[in-house]
Amino acid sequence: RDCCTPPRKCKDRRCKPMKCCA
C-alpha cells in the first residue's frame, strides 16, 4: 500500500519505480 515507508519496501518491483524510491 505505502511503498515509501519503510524505505526497504523499495526493493519490491511494484514500488521500485516510485519517486520515493529513486
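Even glycines carry a Cβ here, placed using N, Cα and C.
Copied from Swiss-Prot, the annotated features are:
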type	residues	note
DISULFID	C3-C15	disulfide bond
DISULFID	C4-C20	disulfide bond
MOD_RES	P6	4-hydroxyproline
MOD_RES	P7	4-hydroxyproline
DISULFID	C10-C21	disulfide bond
MOD_RES	P17	4-hydroxyproline
MOD_RES	A22	alanine amide
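A map of Swiss-Prot features onto the structure.
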| residue | record | CB count, 10 Å |
| --- | --- | --- |
| C3 | disulfide bond | 18 |
| C4 | disulfide bond | 12 |
| P6 | 4-hydroxyproline | 8 |
| P7 | 4-hydroxyproline | 11 |
| C10 | disulfide bond | 15 |
| C15 | disulfide bond | 16 |
| P17 | 4-hydroxyproline | 10 |
| C20 | disulfide bond | 12 |
| C21 | disulfide bond | 14 |
| A22 | alanine amide | 7 |
**Complete:** The rounded CA-CA distance in Å from C3 (disulfide bond) to C10 (disulfide bond) is 6
**Asked** In terms of DSSP three-state secondary structure, what is the assignment for C10 (disulfide bond)?
**Response** helix
**Item:** C20 (disulfide bond): secondary structure state under DSSP, collapsed to three categories
**Value:** helix
**Message:** Just to be sure I understand: of P17, C20, C21, which recorded positions have a C-alpha no more than 10 angstroms from the C-alpha of P7 (4-hydroxyproline)?
**Reply:** C20, C21
**Request:** Compute the C-alpha separation of P6 (4-hydroxyproline) from P17 (4-hydroxyproline), stating it in Å without decimals.
**Result:** 15
**Prompt:** How big is the Cα-to-Cα gap, in Å, between P17 (4-hydroxyproline) and C4 (disulfide bond)?
**Reply:** 11
**Asked** For C4 (disulfide bond) and C15 (disulfide bond), what Cα-Cα distance in Å is obtained after rounding to a whole number?
**Response** 8
**Request:** Give me the Cα-Cα distance between C10 (disulfide bond) and C20 (disulfide bond), rounded to a whole Å.
**Result:** 8
